[in-house]
Amino acid sequence: MTVEDYLSKIIQRDGVAHITLIDPASQKPEESVRLAIAAAQGGTDAIMLGGSTDAGGQLLDITAKMIKEKVKLPIILFPGNTSGFTTSADCVLFMSLLNSRDPHYIVGNQVQGAYTLYKVGMESIPMAYLVCEPGGTVGWVGDVKLLPRKKPELAAAYALTGKYFGMRYTYLEAGSGAESALPPEMIATVKHILKENVLIVGGGIRDGKTAAICAKAGADIIVTGTAIEKAGNAKELTAEIVQGAKAGKKA
Ligand code: 1GP
């Protein structure tokens, strides 16, 4: 089964899926493996590997291989540039940062990586990546014209553009470590326009209550990274977020 089918089945069954983002540059590979195991035990549905700076190359490759040995969940690449690719994962989000001012993040890095992807034949999911205020590191690195939180219709116009380009996933991003998650009005407006297309929401989600609000507003997939990386008990926090998201969807 493809990773896309696997996630679709979870979304159909539970209303929402949860992905744990691990930045290979944030800790040693052994610690990334510990986090992945804890997140899996807490009920996350997949592991996503990536980051805006230093998250690629050998460190990414070793981290992906070590996680694969210990965790049965799919490993999805979330590349910040061409160095964020490794054959040791199951799938890559083939993403375009649509609201960047820099063509490298819209199409340039993708052109540089496309032939490698073709040769190795890894599954890829076309995705519109939309970065909203405050944007964090990815907003700065990606030279992003940040989408204002109070203008959900602008985010929706970008999401619709991605959908018309044929992208099946849209990732609405507040930036890793954002002080607060994206407003439910923004998530709801974007999901309303996307309809069956998959909406990922991430950035600043730290607890079950917030995950529930995002899921109820329309997120199909919730991503959490920083909170789980920093948690005293990563398994417990993952379980709280996963259960919160799934309960929020049913509420
Ligand atoms: C970042 O959306 C992800 O790309 C996750 O954000 O680290 O704030 O959970 P956090």
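Cβ atoms are placed via backbone N, Cα and C, with glycine included.
In TrEMBL this protein carries:
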| type | residues | note |
| --- | --- | --- |
| BINDING | ASP23, SER52 | Mg(2+) binding site |
| BINDING | TYR171, LEU172, GLU173, ALA174, GLY175, SER176, GLY177, GLY203, GLY204, GLY225, THR226 | sn-glycerol 1-phosphate binding site |
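If you measure from the Cα atom of GLY204 (sn-glycerol 1-phosphate binding site) to that of SER52 (Mg(2+) binding site), you get 16 Å. Each residue contributes its Cα atom, and for TYR171 (sn-glycerol 1-phosphate binding site) and SER52 (Mg(2+) binding site) these two points are 15 Å apart. DSSP assigns GLU173 (sn-glycerol 1-phosphate binding site) to a strand.
Residue pair ASP23 (Mg(2+) binding site) / THR226 (sn-glycerol 1-phosphate binding site) shows a Cα separation of 9 Å.
In this structure, the binding-site residues that sit close to ligand 1, with a C-beta under 6 angstroms from any of its atoms, are GLY177, GLY204, chosen from ASP23, SER52, GLY177, GLY204. Calculated from their C-alpha atoms, the gap between SER52 (Mg(2+) binding site) and GLY177 (sn-glycerol 1-phosphate binding site) amounts to 13 Å. The least crowded of the binding-site residues GLY175, GLY177, GLY204, judged by other CB atoms within 10 A of its own CB, is GLY177.
All protein chains shown were included, and the count of other CB atoms within 10 Å of the CB of THR226 (sn-glycerol 1-phosphate binding site) stands at 19.
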